[in-house]
């Protein structure tokens, strides 16, 4: 736990008592502050009370006593409309912050020079965060991993000079962290997302920009217009900007050429790493993730040799191009996290041909219409869930398909067909381009079911992260 000593002897209001909310409340109290916490869910309030946290209905509170108001990132700050607690805080002139801001203030208070790498972006941030954490940890350094990736940031160990923090930040967390000042900040990409909570794409981009704007080193992927504009703007303001690209050859910065990762400066181009044979980092999208990780780790003082070792041993993340197993020459890949066509595109682009594609579930707007350019790579599709009839119409005569209905049937049929393929490496790919809740509780349960079905096949050799 990180006790928030920066708030010692002050009184703090807190709203939102989910998992991270209770952790935040405990950290505030451990630092010597008084707290009044609340939630709209009576069960959450009861859990907080049983954990020894002082609770009280903030609608009845005297807001003049509060030094700050700590808001859960899941609670609306501005859109579609501010939560009632936000209105009360603003009316009383009380500053509204979140758990990441509390971490930043405590770091500034007790160990302002400890390395702090913060990562954001619409896509790829969890993989990049996990990769950076893995590289640093593999060197034997003291590394703390948390934030939006699943570990509440205030449950980590307290800041000290030689302790590295690797923190994934959502737009909601950034919006509640006005003092965010990482040693290295990463903005991978921007596409429309969470606009119901941010009002417009411009506002969403402006919030994401804050993470890199106050960074010691701003590492920005420039393959979309929003990030390109942010990089240009920050560079013009005198901030140290390092550009990365998975698509463009840069005159200055870091870019990918296939599996080669290159650095360009002053007319010189040097190869700094290769992803050849690293199955957990297959595909152009992972080349961008690796570029960001390399630059961040270099800025934090790691050597290229240390970084290379970490890249090669990275196991990948579950449900994100996760290599589950092999049977003979057939590779089985779990990309259950791909819940829309945009997320499935990188998976299909990662294999040149002979893909046995398991796809379907609850379809999103547009279905798989945007993926037609990848259809020549697909040997056969196996359609599951509610989307089966719709996707069958989209595939038409372009791709052989069967309606498998269930994931278990799809795995069995795809494994058999791929095993009869004469290609050097056929791949059975679960990349559903759909939500899961017609047949599964969430994408994790769907991915687990795929993994279990694959590993139950006779002759499958389990794997994770190998080429």
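Using the three backbone atoms N, Cα and C, a Cβ is placed for every residue, glycine included.
The feature ATP binding site is assigned by Swiss-Prot to 121, 122, 123, 124, 125, 126, 127, with sequence analysis given as support. Here the Cβ of residue 126 (ATP binding site) has 19 other Cβ atoms within 10 Å, regardless of which shown protein chain they belong to.
Packing around residue 121 (ATP binding site) is summarised by its Cβ count: 27 other Cβ atoms lie within 10 angstroms of its Cβ, all protein chains included. A C-beta separation below 8 Å, combined with a sequence spacing of at least six in one chain, links residue 123 (ATP binding site) to 188, 189, 191, 285, 342, 343.
Note: the ATP site is recorded as 121, 122, 123, 124, 125, 126, 127; in the same chain, 119, 128, 188, 189, 289 also have Cβ atoms within 8 Å of that site's Cβ centroid.
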